[in-house]
Amino acid sequence: MNGSFPRALLPGLAAIVLGVLFLALLLTFESQWSVGALLAGGAAVVFIASRAGLLSRAATSFDTHEPVMAGATILALLVLAAWFAEDHFPLLMLSTVLLMVTSCLGLTVQFGFAGMVNFAGAAFFGLGAYTAAVLVRYTHLPHLLSLPAGGLAAGILGSVLIWPMLRTKGHYSAVVTIAFAILFKTFLEVNDTLGGAQGMKIRNIVVFGWKPNQDIEIGSLELSHYLIYFLAALALAAVAFVFCRRLERSWIGLSMDAVRIDETAAACFGLDVRRWKIVAFTWGNVLAGMAGALYALMVGYVAPNNFTFGDSLILVSIVLLGGIGNVWGVMVAAALMILLPEKLQAIQEYRFLLYAVLVMLILLFRPQGLLPRPLRRYLPGGAGR
Amino acid sequence: MDVGLLSQYLANGVMLGLMYALVAVGFTLFFGVLDVIKFSHGDVAMVGAFAGFATYGGLQAAGVHNPVIQMLGVVLVSVAAMAILGALIARYLIVPLRGAPALNTLLITLMLGTALRESVRLFFPDGANPKPFPRLLPAGSLEFGQFTLRADSAILLAAGIAVIAAVHLLINRTKLGLAIRAVAQDEETARSMGINFSLIVLVTFALGSGVGAFAGVMNGLYYNEINFGMGLLLGVSGFAAAIVGGLGNIYGAILGGFLFAGLQTIGAVAMPFASAYKDVFAFGAVILIMAIRPTGLIPEKNSERV
C-alpha cells in the first residue's frame, strides 16, 4: 500500500468494468447476430489482452487488492441491477447466476479444498428448494425462515451421506454421490405429496407483511420484483464468497489442502482427516441448500426436472472450468455457462452436448481449468510466494 | 400372492440380473487393466441398442425379412460397432489421461456419457422419443402349470449366460485372457514379459464394450422399447453391481448383478403399494452396502503402499 496503489488497481478495475459492460450488453441484445458478434468481440478482447500480458496484470491486482476488487465487483453488479431495475428477465438471469455461484462455491470447498467430489450438487440445491416449497405450502412458519431451513435440510441430509462418504475413497465415494443424485430425482418424481413429476407451485410469500413477489411501485417508478431477489442472491453470494475466501486463507483451509493432497500424510501429521472432510462436505451442502431455497422462492415453483444428475454435472463443470478451487474463476464460468444458452437460442438445445464436449477438451488439454487456482500465499502483498 | 405372479417376478429379476451382470463385467474388465472407471459404459450399451435398431431398419429397407438373419445382423453389427467405439474411447480419451488424477478419468467418461446420450437424442432421427424395438425372437411360450415361460425370455437368458460363460473362458482359458490378467495384475511385469500393453488395453475395452452392447440389445428385445436415457440407469445399475461385487473381480460382477436385481425385485414385491419406489430402494441399498463394505462384497486384494 504505497505510491503505486492506484496503478496496481487499474487493470483489475478495468477488467470488472469490461466484464459488467459485457454482461449488460449480453442481457440487452435480442437478435442472435448481435449476441454472436458480442461473443466474438469478447473472445477477441480476452485473446488480445492475454497476448499483451494484461490478463496476468489484472490477475495480480485481484490477488493483491482482493477486498477492493470484491467491493468493486459488488458495486458494479448493483449498478447493473439498477440499470435493469424494470426488466424481469435480466434480473432473473443475474440472480440465477449468483445462486449458481453460491452453490459452486460450496462445491469448490468440497472438491477444490478438501478433495471430496460431489456429483449431487443439484440434488442438494433441489433439497433446499423443496424444503422451502414444503415450508411455505404446508406450514405457518415465517416464510423468511425457509432460507436457513433449506440450508439446514441439505446439511442434515448430507450428514447422512457422510457416513458412506468417509468410509469410501476416490471413485467409490464419487459413486455414493451419483447414486444419491439419481435416488433424489427418482424419489421426487414418484412422490405424490411433493407433486410428482409436475412439481409444486409456491404462492403468496409474505415477509414481515410484505409480498416480495409483487412488483414494487415507488411513485411513478415500477421496479421488477426480481430486484429484491437479486439483492438477496447478491448478499448470499457475497457472504458465501467471504466465508470461502477466509476459510481458504485460514489454517482450516490449509488442513483441507493437506487432506486433499495426501490423506495418509495429513493423518501422519496429526490432522483429523474425518473432521475436515465433514466440515467441508456439510458447509458445501448448506450453501447449495440455501441457494436452492432462494431459487425456489424466486421462480415460484419446484419440479424434479430442475434438479437432475445432468444439472449436477453442469455444476461440476462450472467448478472445473473456473479452475478447481479458484473462487473468482467460478464466477466467470458460472456467468458464461448459465447466460450463453439462454441468450443464444441456437445452442440452447445443444447445451448439454456442448458442455460435455467442452469439459472433455479441457480435461484433455488443460486439466487445471481455464483459470487455475493460484498458489497459496502466506502473507498479503505477494511475499512468501 | 400366487405362484404365477411370483414366478413372473423371479423371471424378471433373473433377466435384470443378467443384464446388470453383463454391464458390470465391462466395468470390471476396464478397472482391471487400467484402474479406471469408465462411466460412459451404460451409454455405450444404449448406443449399441440404437445401432442394432438402425441395423434392423437398414435390413428391412434392403428387403431382408428373415428374422434369424435380422437377429444375427442386429447383434453382430451392434457388438462390432461398440467394440470399435470402446477401443476408440480408450485410445483417445482414457489412455491420454493416465497420468492425471483418477477423478479426471471419471469426469471425462461421465461427460462422454452425456455427449453420447445427447447426440442420440439430437441427431438420431426422432431420437428424443422412445423407439419400439422389433420383436425378433419367436413369440410362443411354454406352460408349466401356473408358470409361463416365454420363449423369447428363455432364448435371451440362454444367450446371456452363454456370453458370460464365453467371456469367462476367454479370460481364463486363452492366451489373450492370460495377457489381460497379466496386465491387470502388474503392468510393468507384463510389459517386460513381452506383452503389448497398449494393444491389450484396447482389446479389453473393445471386449467390455461389445459385451455391453449385447446387454443393450438384450434390454431392447426384452422390453421392446429403447430410449436415449436408458443408458444412464443401465450404467449406474451395472456399476453398482460391479461395486457391490468388488471391482476387479469378474465373479463379483456377476454376483453383484444378480444381487442388485434381486434387491430391486424384492423392493417391488415387498412393497407393492410403493412399487414406484423400487429404484429409490435399490439406490438406497447401494449407498448402504457401500457404507458397510466400502470396497464391495469381494474386496480388492492389494492394499495401499505408502
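Placement of Cβ uses the backbone N, Cα and C atoms for every residue, glycine included.
TrEMBL annotations:
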type: TRANSMEM; residues: B:14-37; note: transmembrane segment
type: TRANSMEM; residues: B:44-62; note: transmembrane segment
type: TRANSMEM; residues: B:68-90; note: transmembrane segment
type: TRANSMEM; residues: B:102-124; note: transmembrane segment
type: TRANSMEM; residues: B:153-171; note: transmembrane segment
type: TRANSMEM; residues: B:199-222; note: transmembrane segment
type: TRANSMEM; residues: B:228-247; note: transmembrane segment
type: TRANSMEM; residues: B:254-274; note: transmembrane segment
type: TRANSMEM; residues: B:280-298; note: transmembrane segment
| field | Residue numbers, six or more beyond the limits of the transmembrane segment (B:199-222), whose CB comes under 8 Å of its CB atoms | value | 15, 18-19, 22-23, 25-27, 29-30, 32-34, 38, 41-42, 44-49, 51-53, 74-75, 78-87, 89-91, 94-95, 133, 135-137, 152-153, 156, 159-160, 163, 167, 170, 176, 179-180, 183, 190, 230-231, 234, 238
| said: Which range wins on Cβ pairs under 8 Å with the transmembrane segment (B:153-171): B:14-37, B:102-124, B:228-247, B:254-274, B:280-298? | reply: B:14-37
| request: Residue list, the transmembrane segment (B:254-274) vs rest of chain: Cβ under 8 Å, 6 or more residues beyond ends. | output: 1, 6, 9-10, 12-14, 16-25, 164, 237-238, 240-246, 281-282, 285-286, 296-298
